[in-house]
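Look at TrEMBL and you will find 1-27, 502-528 tagged as region 'Disordered'. Look at TrEMBL and you will find 1-15 tagged as compositional bias 'Basic and acidic residues'. According to TrEMBL, the transmembrane segment annotation covers 37-57, 69-95, 116-140, 160-180, 192-213, 228-245, 266-287, 307-327, 362-384, 390-408, 420-441, 447-466. What TrEMBL records for 507-519 is compositional bias 'Polar residues'.
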Amino acid sequence: MEKGARHRNNTEKNHPGGSESQEADSGGGGVALKKEIGLVSACAIIVGNIIGSGIFVSPKGVLENAGSVGLALIIWIVTGVITAVGALCYAELGVTIPKSGGDYSYVKDIFGGLAGFLRLWIAVLVIYPTNQAVIALTFSNYVLQPLFPTCFPPESGLRLLAALCLLLLTWVNCSSVRWATRVQDIFTAGKLLALGLIIIMGVVQICKGQYFWLEPTNAFDHFQEPDIGLIALAFLQGSFAYGGWNFLNYVTEELVDPYKNLPRAIFISIPLVTFVYVFANVAYVTAMSPQELLASNAVAVTFGEKLLGVMAWIMPISVALSTFGGVNGSLFTSSRLFFAGAREGHLPSVLAMIHVKRCTPIPALLFTCISTLLMLVTSDIYTLINYVGFINYLFYGVTVAGQIVLRWKKPDINRPIKVSLLFPIIYLLFWAFLLLFSLWSEPVVCGIGLAIMVTGVPVYFLGIYWQHKPRCFNKFIELLTLVSQKMCVVVYPKEAEDLKMKDRNQNMEQQQPICQPSASKDKDAVGP
């Protein structure tokens, strides 16, 4: 990995037409990731990644542990507010350290290479491949279920269709950033329309007087004894339901005017998702009792069967469309995380290269796709998710704590957005409460998750910290990188090389702007 810079210089000479292609594509400054994500697409990335299949299929984890409809609705609202607080903290970090890669980039810059690598390691090894595999399997299940009305679809058919879904969306993402964002926009709009239909049907039910479970005396009628442990678990389930709120930070460098659009997208998306979550649950209890809701394996489908009659088929199709868009959003953002990791020298350098004309990170996308396909042939996907869910949540708090550390270490650094320190403190108190409860309630699961993360320590010291590797090993890596580069027709972005040079020498001359004319506004806003 340490040979990356030298290898990139060599490959620029060896790649057929490499430098010429770069010049042509970017007006003489080198290729770069294009700034093609506007405000609408930014909102679609956040909303599309948060709203998956859960609100359609099983929004019962919160209700089951809360013990009453009223308390469940309060928990949905509170977790939405806490999510918004965390997202605002990430917004400050995103414009202070304007790099793609999200919390990985922030943790690395604030706490050092090892901490950043461990965040990347757990994401590469388990989190994103397993999440994408599960979403793709949910998509294939809802597509195939009508063909097998009396039984479950065959496992091999589910995995094959999930693989086809992944391959199709990887091709779309490799072809064009604009295509990928259009897919995300369309399918996010589709899932919002479906949820809008559920909410409207709920309003109709209320107008008909079907609001028994929304009356205060009934809403807070506990069907199980209140317990602080179960309420904490309900908050944890609610927090997981809002997962994906930080995904826009993974693509900061591709945002049009990130200083304005990053916070705007957060201000629009998080309240929208909170509204949808709360009122979809309100709608569900106008047609079902809490007991019926908890007994259903697909709440939206049961709701549709009760209220939509012959149009009940809309709900399973909505779930399929929602999960299809979820796979696209996850592929898009996770590939940028791997791209950022490779650019920092924490993954093979070929993953930080982009196509000479399309300006898409094809190697990172292929890596993401292949790792997810491998997870599809693994029988323990859901077990792995349980193990690393705790670690994923752990790094949310570490990142927000980094905001406070950065305020102390570099108080005078340029911050286009600066939120009150009360925000990270509130988030960290809530985070610590849930984290300690997780450790207390499931120590074995959390311990295994921590053990999986710690396996990255020797990998870091052998692969990154150890600079003087055998010459034959470095030659092999260079050859492998060159072959991969020629196969994918990719080159290393010039701004990544500039960033590395700035890290090596703070007094180096300022580089010229590249690829996008608007980049000249942001070229000085480099994080610590």
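The backbone N, Cα and C atoms fix where each Cβ goes, and this holds for glycine too.
TrEMBL annotations: computationally assigned, not manually curated.
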Same-chain residue ranges lying at least 6 outside the transmembrane segment (362-384) that approach it to Cβ under 8 Å: 124, 126, 128-130, 132-134, 136-137, 159, 162-163, 166-167, 170, 173-174, 331, 334-336, 338-339, 342, 350-355, 484, 488-490
Touch test for the transmembrane segment (116-140) and the transmembrane segment (37-57), at least 3 Cβ pairs under 8 Å: yes
Contact between the transmembrane segment (307-327) and the transmembrane segment (447-466) (at least 3 Cβ pairs under 8 Å, separation 6+): no
Stretch of maximal Cβ-Cβ contact with the transmembrane segment (228-245) [cut-off: under 8 Å; candidates 69-95, 192-213, 390-408]: 69-95
Top Cβ-contact partner of the transmembrane segment (37-57) among 69-95, 160-180, 192-213, 390-408 (pairs under 8 Å): 192-213
Stretch among 69-95, 160-180, 192-213 sharing the most Cβ pairs under 8 Å with the transmembrane segment (390-408): 69-95
